[in-house]
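What follows is a single structure, written as structure tokens, with notes after it.
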Amino acid sequence: ELLDVLSFDSVRRRMSVIVKSATGEIYLFCKGADSSIFPHVIEGKVDQVRSRVERNAVEGLRTLCVAYKKLEPEEYEDVCKLLQAAKVALQDREKKLAEAYEQIEKDLILLGATAVEDRLQEKAADTIEALQKAGIKVWVLTGDKMETAAATCYACKLFRRSTQLLELTTKRIEEQSLHDVLFELRKTVLRCSGSLTRDSFSGLSTDMHDYGLIIDGAALSLIMKPREDGSSSGNYRELFLEICRNCSAVLCCRMAPLQKAQIVKLIKFSKEHPITLAIGDGANDVSMILEAHVGIGVIGKEGRQAARNSDYAIPKFKHLKKMLLVHGHFYYIRISELVQYFFYKNVCFIFPQFLYQFFCGFSQQTLYDTAYLTLYNISFTSLPILLYSLMEQHVGIEVLKRDPTLYRDIAKNALLRWRVFIYWTFLGVFDALVFFFGAYFMFENTTVTSNGQMFGNWTFGTLVFTVMVFTVTLKLALDTHYWTWINHFVIWGSLLFYVVFSLLWGGIIWPFLSYQRMYYVFIHMLSSGPAWLGIMLLVTVSLLPDVLKKVLCRQLWPTATEKTQARNKCLSVEQPTVFMLSQTTSGLSF
């Protein structure tokens, strides 16, 4: 018969139940980590169980120790009174419960230990290895014993045989002071690097020694603990982070759930401000998942608490590889182009109108017709970028899976930095200057039709607008790598829609309009040969800088992604040649 439950908490790291047997005897059974059970044991085969637990932990098994004690009826009454007083306390209830649990769970008799094989999921090692190659720093935060966690890290290739392990554990701190241990570890990891510094919170570094750090929960508590004078232990935290930056991987063992969240918070608010992602499968990972920028829950045998509190849920750990290295890669490329392109095309749209004010006496006269002003972002240029941001694949899915290092090209917000933003701004301003002044100087005081008529105000604005629509649409076409029939339809269809709309808008007298200023303007413009020549020339000049920049950068400073694109194009060009040769050798005629 179950009489009472002493619940598990992350400080005690154990749980107890009080039960009554059929004969009326009362027992307390306690289970927990070896570090939390052995100090409270006074009897039993302690040395034998301890050696067996350590051996099982080295083999990668998850261990628990079990102890008990018999409670006399008078003793049980005292326990009930103690628990009841703590439960009904109006102030510091949790603290009093913890003190009561601590007082009850003592003088135990060791029963033995359990060891459970916790197998790695399929392709877990391959996933972690791919993440490290992609430049993502992988930390393991676990409540397991250090030996168990280390064996698991070797199994999942977080640690390699060449990795030199550095320990920041309670045992070492007892031998030396925390201050001495931290400075010794810092000296060790910086000795091989010299003046170089490892890429902050990135993955492996080929030009530096491979270090792995192991830290336990008690050592972390000392690092995070405020000093006696009330000041924060900021120096220790910075030392700890500097050591971690120069390690290829970090293992945090014997971590309480709140300590996992502390680790994530410590990294998140460090001076580099990296983007953190936490992935877990159990209720003890919830605080860590909620603290990280992005939380991912694995749905499995541990329950669904992690998945319910996460941003994304996946059924297997191996799906993290495709989620980050493929879908994450595509999403970033698409969203960065979407943001920059929208800014660029609106600079092209507004800046000529701004320049026009200097030539119209600041009369607030618009350069474009009202219909063009309204439909530019709604109809003429919206669908191409929408389809781009949904479908673009600058590299194939299988290529991204096969070569995780391509993820480094977009690391650290590479495509949304100030330098890239300034380039797009410069391109928009340059194109706007070409649109406006190109049209202005080409047709100033010039008769352009066979009957001697000159371009008027609305014809000039329509010419600028036509060049602009064709330029910004073709600019997106130049940036598109993944062509489907949908892309062709929306890009060339948008240009065709603009021409058809302009012909209809200027070819009919609309009865519901009080003005007919655009009547016959577009047709009149297209009836001029110089206007056709001017449109083609201005579009070419506007696109030329971007084309030159793309060609020069690909030839002189190609990224890993651009090298892969070039290699894939070469393969796609060579394949038909091989096919033709094989068909020719078989005797077929063409």
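Keep in mind that glycine also has a Cβ here, set from the backbone N, Cα and C atoms.
Model, not experiment: these values are computed from the prediction.
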Of 340-362, 455-477, the range TrEMBL labels transmembrane segment: 455-477
Integer Å distance between the CA atoms belonging to Phe8 (ATP binding site) and Asp281 (Mg(2+) binding site): 19
Neighbouring C-beta atoms (10 Å sphere around the C-beta of Gly143 (ATP binding site)): 22
Nearest of the binding-site residues (Phe8, Arg62, Gly143, Arg254) to Asp285 (Mg(2+) binding site), judged by Cα-Cα distance: Gly143
Cβ neighbour count within 10 Å of Arg62 (ATP binding site): 18
